[in-house]
Amino acid sequence: MSQKRTLHAFFAPAAKKARLNEDTSNGPRHSDHRHYPCPILDVPQSMSKAIASLPARTGKVIKNQPHLDLLYFEPYIPSDLAKDLFAFLRSELPFYRVEYKINRGGIQTDVRTPRYTTVFGIDETARFAEDGSVVDAKSGEPVQDRRYDRYPPRPIPGCLDELRRSTETATGCTFNFCLVNYYASGADSISFHSDDERFLGPEPAIASFSLGGKRDFVLKPKPVPKGPDPDLSPVAKTLKFPLASGHMILMRGPTQSNWLHSVPKRGGRNPEDGGRINITFRKATSKDGTENYYNYNVGTGPVYRWDRASRQMRVSSSP
Ligand SMILES: O=C(O)CCC(=O)C(=O)O
Ligand SMILES: [Fe+2]
């Protein structure tokens, strides 16, 4: 991205943004920030209204396994809105295919993330000022920290922030990060893991939305339980949720410290392989969280955007 566009986008007057806005009477049509690779359209007013009235159903508490605590909305977003939101986000968001190196027993291994990812947000020690700069959450003073330098944080764009606000009201939790995965086909996946990094604090709550194609979300107990009554854990089962478009699962309480979750690859040709978006809202408590999330979900590779003509992700700009 050229310096010219960056500066232009950063200082673009509000009136200019408003002029772009044909289908809404107030508020900008785009969300923009100097660290976005491109401006991100806000949802049209009709969608915005519909998002404000969510969830479509109340959540069902699932606590029938040791150290598991889920709140399952079936659905949170009704299917017509989920379909529109899926198409909107796939067209609008910048995605990445992150590659990184890990050290396993002294051997360097290259890892290619088997899905498209993107992330927005900043941990609770900081916030974005009106002008888009990062300031200390308490003092409002500008923040200089090496953990923000390599991958500068980006504010959650309007189109995802409306869903974040709805999710906070529905769950009583607060969130400052939004991670998005795009599984282009059954070959894309996420392997068994838990989201229990220190920067999420103890017993983190993670709200996880599904849009688009149906995929199995699989949970299994961790091999070595950390809970107060470990004797119960070996009898815990593997659980499979075939998540459909609009469903939301809130994982909370002891879930992350005791269970692993995954979205396994699907073999063969599946009619549901038309792509799936997963959105997770989380709360990071320290700057390490911000550094980690941008490192693994944005990285240093090219930006991919959805190409309507060829109906696939295409490299839209290189770093
Ligand atoms: O795609 C999903 O449903 C799960 C995503 C996930 O576990 C993650 O991003 O940490
Ligand atoms: Fe996860």
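Placed from the backbone N, Cα and C atoms, the Cβ positions cover glycine too.
Heads up, TrEMBL stuff is auto-annotated, nobody curated it.
From a predicted model like this one, the values you see are computed outputs, not experimental measurements.
If you check TrEMBL, you get these features:
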- Asn181, Tyr183, His193, His261, Arg276, Thr280, Arg282: 2-oxoglutarate binding site (BINDING)
- Asp196: substrate binding site (BINDING)
- 174-285: domain 'Fe2OG dioxygenase' (DOMAIN)
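Distance from the CA of the residue listed as 'substrate binding site' to the CA of Arg276 (2-oxoglutarate binding site) is 24 Å. Proximity to ligand 1 at the level of Cβ atoms, with a cut-off under 6 angstroms, picks out none of the binding-site residues Tyr183, Asp196, Arg276, Arg282. Those residues noted as binding 2-oxoglutarate (Asn181, Tyr183, His193, His261, Arg276, Thr280, Arg282) have their most widely separated CA atoms at a distance of 20 Å. Spacing of Arg282 (2-oxoglutarate binding site) relative to Asp196 (substrate binding site) is 11 Å (Cα to Cα, whole number). For the binding-site residues Asn181, Thr280, counting C-beta atoms within 10 A of each C-beta gives the highest total at Asn181. Taking every protein chain shown into account, His193, His261, Arg276, Arg282 are the binding-site residues, and of these the Cβ with the most other Cβ atoms within 10 Å belongs to Arg276.
Calculated from their C-alpha atoms, the gap between Thr280 (2-oxoglutarate binding site) and the residue listed as 'substrate binding site' amounts to 14 Å. Here the binding-site residues are Tyr183, Asp196, and the one whose Cβ sees the fewest other Cβ atoms within 10 Å is Asp196.
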